[in-house]
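Quick look at what Swiss-Prot annotates:
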type	residues	note
BINDING	Gly30, Asp31, Asn32, Ala33, Gln34, Gly35, Lys36, Thr37	ATP binding site
Amino acid sequence: MYIKNLELINFRNYEILSLKLHSGINVFIGDNAQGKTNILESIYYCSIGKSHRTNKDKELIKWGARDAYISVYISKERLDKKIDIKIFKEGKKGVRVNSIKLKTISDLIGVFNVVMFSPEDLKIVKESPSYRRKFLDIELSKLNKKYYYSLVRYNKVLNERNTILRKWNSNTEVTEVYDHQLSKYGSYIIKERLKYIESLSIRGNKIHKDITSQKENIEFKYITSIKDLNNIQNDFYNLLRENVKKDFEKGSTSFGPHRDDFAVNINNTDTRTFGSQGQQRTAVLTIKLASLEIIKEQTGEYPVLLLDDVLSELDINRQKYILNSIREFQTIITGTGLIDIREYLDDHVKLFKVTNGTVNQ
């Protein structure tokens, strides 16, 4: 899968932009705040229908304009597909695939897969469990519609249960119907996360050993309050019922996939607490490259890889490793100063210069 063309109208600092991209490596170079990341953001938006930088779509619309337009023309499984998205200032958006309007934005997920690695992704390793859960939810939703719908239903039931916990007077029986639903949807979410983490560990350790010249092993472990992983639904339901009084006191649900986490261990040591900045950055790189391989395995095609100003933060050997690893699929790279990647990729590279919302080859 690769992007043939990208068009933007009134998106961020771009009034009009039309680009023909290389099926291999595309490098956008320019000073900070010129619009490099905006290009990657528009591509990411066409993958999951939201930005990786903001929850407010109106921020994507160029100042003074009423709406923004993004279009990507992609080659997928030897078939061409066109995704058109119009973002309106009032908060609405319209999405079409091959001129057919999608009923919901969720129908876009899985049509066009990307994997992005940006400086913000360090939060996956460094920050709170919510960032790791978000990573799992996005990656699994790309691959599994049932997971996405289970997640939506779980969050809806969770919000309803929490409302009851805050507003009712400790009537433990009233939550029982919600507990059945939470355990049903939540058990599926946990099962799929466990399988994904296992795949991530297998692929990730091989990649990480290659990156670190066989000096480090990496392992990912899913952390959940569920004890009986052979009977997750029943164990989860019992956990909810046993703790319902405590939940009424707190006004929130104490256990479930919304509280789960996963550990990132390098050489059996917790990377979040004890890893160096370099180890944490390499761990995220491993996670991203492993997730890319999982998508390839499950869909038959590599996604598009987006690297937003991250190469310059890696040492020369890790830069070379990435550049030697991305020959098989389309990659779009941004940076202010990069090593001469033509030396490593020959004619696989197309270079662009970005200056204040204009792009030149």
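Heads up, the Cβ atoms here are built off N, Cα and C, so glycines get one too.
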Quiz item: For Thr37 (ATP binding site), what is the secondary structure state per DSSP, taken as helix, strand or coil?
Solution: helix
Exercise. For the binding-site residues Gly30, Gly35, work out the Cβ neighbour count at 10 Å and name the residue with the minimum.
Key: Gly30
Quiz item: Among the binding-site residues Asn32, Gln34, Thr37, whose Cβ has the fewest other Cβ atoms within 10 Å?
Solution: Asn32
Exercise. Check each residue in the chain of Lys36 (ATP binding site) that is at least six apart in sequence and keep those whose C-beta is under 8 Å from its C-beta; list them in sequence order.
Key: Phe28, Ile29, Gly30, Asp308, Asp309, Thr334, Gly335, Val354
Exercise. Note down the number of other Cβ atoms within 10 Å of the Cβ of Ala33 (ATP binding site), including every protein chain shown.
Key: 10
